[in-house]
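Scroll down for the structure; my scribbles are underneath it.
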Amino acid sequence: MSKKRLYEIAKEVGVESKVIVAKAQELGLSVKSHSSSVEEADANRITSSLKAGTAKDESKPAPKATPTPKEEKVEPKVDKASVAKSAPAKETSKAEVKEASVALKKPKSRNFKAEREARAKAEAERRKNGGGRDNRNRNQQGNDQGKRHNNDRRNQKGNGQGDHNKGNRDNSTNHDRNFQGKLRNDQNQNNRRDNARNNQAGPRIDLKARAAALKAEQNAEYSRQSETRFREEKAAEQRRAKEQEKARKEKQQAEVAVQKAAAETKPAPKPAPVAPQSAPTAQVQDTRRKKVRPNKSRDNHRVNEDGPKQTRNNKWNNQNQVRNQRNSNWNKNKNKKGKNNRGNSAPKLVTERKFHELPKEFEYTEGMTVAEIAKRIKREPAEIVKKLFMMGVMATQNQSLDGDTIELLMVDYGIEATKKEEVDNADIERFFVDEDYLNKDAMVERAPVVTIMGHVDHGKTTLLDTLRNSRVATGEAGGITQHIGAYQIEEGGKKITFLDTPGHAAFTSMRARGASVTDITVLIVAADDGVMPQTIEAINHSKAAGVPIIVAINKIDKPDANPERVIGELAEHGVISTAWGGDSEFVEISAKFGQNIEELLETILLVAEVEELKADPTVRAIGTVIEARLDKGKGAVATLLVQQGTLNVQDPIVVGNTFGRVRAMTNDLGRRIKTAGPSAPVSITGLNEAPMAGDHFAVYEDEKAARAAGEERAKRALMKQRQQTHRVSLDNLFDTLKAGEMKTVNVIIKADVQGSVEALAASLLKIDVEGVRVNVVHSAVGAINESDITLAEASDAVVIGFNVRPTPQARQQAETDEVEIRLHSIIYKVIEEIEDAMKGMLDPEFEEKIIGEAVIRETFKVSKVGTIGGFMVTNGKITRDSSARVIRDGVVIFDGKLASLKHYKDDVKEVGNAQEGGLTIENYNDIKVDDVIEAYIMEEIKR
């Protein structure tokens, strides 16, 4: 019998796959997911049980008719509660009336302001009860008074009141009536109309009178409190005076008692009350009285006196006298400070220092200075410095303290210290981590983001080409996708966002970036090639990102296609099909002929439904940069993937280390749009610089905050780059010395997009040629310009253009300066070319090659020549230009060059195997019988 998948049964019955899986498990079938297979009989059982369940539900009566009596019972409870609540409300209102009546009692002390406001209130009541006639007369009088022009401010105020029908003051003192006539008649007519309207509307609430009464009550209460306070202070002062007087009297009595006791205890022989002593005291008093200067009589001739005193009495009639008084030396010494002029300056009052209580809590930040802490806790910096010194910390008032020291200091003061959590406005990552940023009630279903991964030329771009009905693959050089493309298609009313990642080994970072923002990975494997290195790498990226994998076995139309082999190879790497009991879906397709494409899309939507992908479109947009480039007309263009929120045109945005405002926004079809929701890929313009691919972006509340955050991020990135200094240590000393001996190939990289720049620079730095390394002097996005040529000339570098061309001026300058420009469109050709250039820069490397061995049979000593060794070749051959080693008992005794080589008496170039001959060695004569002569040459190694 044939088998059926559960999702096929769900499609036939018209229910969700989850319901079918639950029903199958309820019937005792061993199924795991919607893609599990069951027999035809089991499928019929599932459908019949579902139909029976729906029939039972229809046969049951509607259970929603019963709750009505419950609602009727609830109503009287609500009424009782409201009645119960109304009773205390009435009681409280009575209590409020009593309190108000107590508060309205006339104060004991007379408050003129309160009386005046009470009179205003009574006047307002009388005017309200009097009707329109008196009011009209008063308005008439106010108009007459209001139109009189006088310089008095009170008349100006009355004029304003008359214009607004509020002239209620008696301006009877004004008798000027210049402005009368038509204007006054019109105003009177308006007043009559207003009075008639007031009479029709009935009595109005006079808010001014009510405010005046309330103010009067407040003033009365304040005056009553002031009077009570004054009386209490006066009584306290009297008590203090009485206590002081009592203490003074007690002190005097105590002194008198002490004197009496002293007089009683002492005997009489003491000298008498000493008249001679009293006499000198009287003389001293007389002399002092004589020294007091007598009162001088007023000088009658002072009028004729000349000098500053005379001018002071005359109050200085002219300006010259004032200037002379200021510049004269008459009173110059009066303002001097010194021993003789102490009485001239009044004593300064010493203000007592106020005592401030310590706070109970102290919120600190890392790096606070001593002065800041002293200001916060209301203490002197010297006191804190002293405490720190006692704790063993030497600090000044301008020195910053770390968090631990601040906490210890606060413990010494008995204050609870807490570290202030500062929100970093420049931190974009907090939007992706903070769960409170999203509103869970506003979550909606979003489109899945699908990344297509696989090895080079396995059909990724062809699959996207088939999905979008476009010819993307024809534009790629060598059939290789150079940078990420983001596209969105619609299937069955639902949207799917696709990311196309490059498959070449150089684009590892770009594949990892694609896996980090994706929801589902479609791993495309060619049925004829099988699993390749980049296929394994894509599997690892997907597993690291924790996203489900759907395997698309492509090129099944080829005759040598073997899908079963692909399934087995993937199982070895942990990707197991659901048919084998795994979690990964396998779909056999042919991207070229469009075979089973619909089935692949349905599988993607099913997996997305199981994943329950949701987003909040109400918040400010956040997401990731897919790609960035520089356009000649538009400037920096960035391809963004919105992950949460909604991105709008004119939004202030921070992207990586740059910022700007969304000037224009286009979708994947090149059409201009104004908004982009979650999972939508868009290209925007308006940034200051081209960001890095993989950077996060976030929309801020205003442009000022976005500018501050962008500038702060750029500054931090620059500081981080400056701090990356490589210092020499014992561990890397040898590597540093070795790097100094290495030769370098300087290159300047210019590419069309940022992702290609990163991939190309990383690939060139990874080229492993011993003795030579690549130094990337500069890398950027855009065309090759004159500044690049100037930099290449200064640094002796090669300019590499990837999918870009030099400007005419740059080309002409390169020819003049003899700077080499290499233009490429396929990355592995660039790598091969640079690798060959690096190999050509190396010094020739030689390898030792042993060509023969000989054994010394006899030695001959010649006085002028030295020791001649007669030998026999045992292996290989001995040549005249070869080097020779003398080996004795397995140990190398000497290594040098042959001086001569003879066969019998003839000089020869070489002696072959099993032949005899004679030789001499340069600068060595200690040749002995049975020594082994090893001949070798140095050959150059090709790299």
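Using N, Cα and C of the backbone, Cβ positions are placed for all residues, glycine too.
Per Swiss-Prot, the stretch carrying the note region 'G3' among 468-471, 500-503, 720-723, 724-727 is 500-503.
Range with Swiss-Prot annotation region 'G1', chosen from 374-381, 454-461, 670-677, 910-917, is 454-461. Per Swiss-Prot, the range carrying the annotation region 'G2' out of 474-478, 479-483, 844-848, 874-878 is 479-483. Secondary structure from DSSP puts Gly454 (GTP binding site) in a beta strand. Sorting each residue of the region 'G4' (554-557) by its DSSP state yields 0 helix, 1 strand, 3 coil. Summed and averaged per residue, pLDDT over the region 'G1' (454-461) gives 78.
Using a 10 Å Cβ-Cβ cutoff, Lys460 (GTP binding site) registers 27 neighbours. DSSP assignment over the compositional bias 'Basic and acidic residues' (224-253) gives 30 helix, 0 strand, 0 coil.
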